[in-house]
Amino acid sequence: MAKHLFTSESVSEGHPDKIADQISDAVLDAILEQDPKARVACETYVKTGMVMVGGEVTTSAWVDIEEITRETVREIGYVHSDMGFDANSCAVLNTIGKQSPDINQGVDKADPKEQGAGDQGIMFGYATNETPILMPAPITYSHLLVQKQAEVRKSGKLDFLRPDAKSQVTFQYDQGKIVGIDAVVLSTQHCDSVTTPDLREAVMEEIIKPVLPAEWLNKDTNFFINPTGRFVIGGPMGDCGLTGRKIIVDTYGGAARHGGGAFSGKDPSKVDRSAAYAARYVAKNIVAAGMADRCEIQLSYAIGVADPTSIMVETFGTEKVSHDIIIEAVRQNFDLRPYGLQEMLNLLQPIYKKTAAYGHFGREEFPWEATDKAAILRDFAGIK
C-alpha cells in the first residue's frame, strides 16, 4: 500500500456507552477489592433518568451497587438535570444474579494452574512502532482529544462544555509512514448559552492545537468542530448507553482485528478480557524487542480448557527474524493459560475502572503495557 488514509474515532467518558462501561468496571473493582477470585459479569444500561445494572456474580463480597453507580456518574460530571442526567436523582435498578454452576465447574479446578477458560472465543492483540507507545496513531490521538476535552471541562477552563463528546482523526500515510493529518472531527456537548463560533474557536485553541503535533497539520487539513452547529442534548438523554458497545474504541481503532468480545464488567477469568490483554502484551514485547515493526497476535480458547486452542502471529512482512523463531519465542516465554495470564499480568486487582474510558491499550500504568520481556525475546532471537 503506497499512499492511503486511515481513520479512528474515540468517545469521552461522558458518552452514554462509556458511562455504562465505567459503571460495570466500578462494580467489578469494588468486588475484586474484597474478593479477588470473584466471578463477575456486570452489564449496565443507561437512559434518561435511570441506570440498570445486571449480570451474574459469584462472590463473598457485598458492595453497594447504587452508591457505586451514583458516584461513578458524579465523577464523570452529570450532576444536574440541565445536563440531561443527574447522578443524585436518577433511578438505579439492580438486577444482578448468580453465575451458572454449569460454567463454574468448567473454570475452577483442584489445581489452580489448570483453571479452564471462562468461555470459548477468539482474541487479538496488536502493536506497531509508528508511535512511542507502540499503538496506531489514529486511535492514540483520537483518545488524546477527548481526554483533553474532559480536562478543560473539569478544570473550568471551558466551563460551557458538557461531558458527552466524540473525536475522529484521519491520518495520511505514504509507504506505511505518517506524513500528515487529513481530517479532524470533534463534537462536544455544550451549554445552551455558548455560540457556535465561540465554541469552535475555543475547541481549536484549547483542545485540538495543544494535542495534535503541528508538523502533521497543514493548510489542507480539514477541521470539523460540532459540524451540526448544536449539541446541547447529549449523554443518556440523547442516546441510551450499553456496556460493551465501543469495542473498537477500546482497542486499536480498527487498525487490527477484533474477536468480538467486550471487556468492561468482566473479571479476569473471562478470556475475552484477560487474553486480549495478554495478546497486546505479547505483541508489544515482540515489537519492542525489534523482532518486527508490526505484530498481531490471535489467541483462541475452549470453555473449561486451560491451554489455548491456537496461537497465531502475523507480522505483515515486517519481521526482522524468521517467523518460526517468533512463534517459538512466544510459546517458550509467555504462559497463555488463564491462570498464567492472571499471574503474568497481575490481573486479580481492582484496576479496571480506569480502563473503561480512553482505551485499554497504550497507557503505561497498566501491566499489559510493560515491555519487560523485550530483552528476553531479543536474546532468544539473537538480536544484538
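In case you wondered, yes, glycine gets a Cβ from its N, Cα and C as well.
The structure displayed is predicted, hence computed values, not measured ones.
Of all ranges given (99-109, 110-120, 264-274), Swiss-Prot attaches the label region 'Flexible loop' to 99-109. Annotated ATP binding in Swiss-Prot involves H15, D164, A165, K166, R230, F231, R245, K246, A262, K266 plus, out of the candidates D174, D239, the residue D239. When other Cβ atoms within 10 Å of the Cβ of D239 (ATP binding site) are tallied across all protein chains shown, the result is 16.
For Q99 (L-methionine binding site), the nearest of the binding-site residues by C-alpha distance turns out to be K266; the candidates were H15, A165, K246, K266. You'll find the Cα of K246 (ATP binding site) roughly 7 Å from the Cα of D17 (Mg(2+) binding site). Pairwise Cα distances among H15, D164, A165, K166, R230, F231, D239, R245, K246, A262, K266, which the record gives as the binders of ATP, peak at 36 Å. Of all the binding-site residues listed here (H15, D17, E43, A165, R230), E43 has the Cα closest to the Cα of K270 (L-methionine binding site). Across E56, Q99, D239, K270, which the record gives as binding L-methionine, the greatest C-alpha separation is 30 Å. The secondary structure of E43 (K(+) binding site), as reduced to three states from DSSP, is extended strand.
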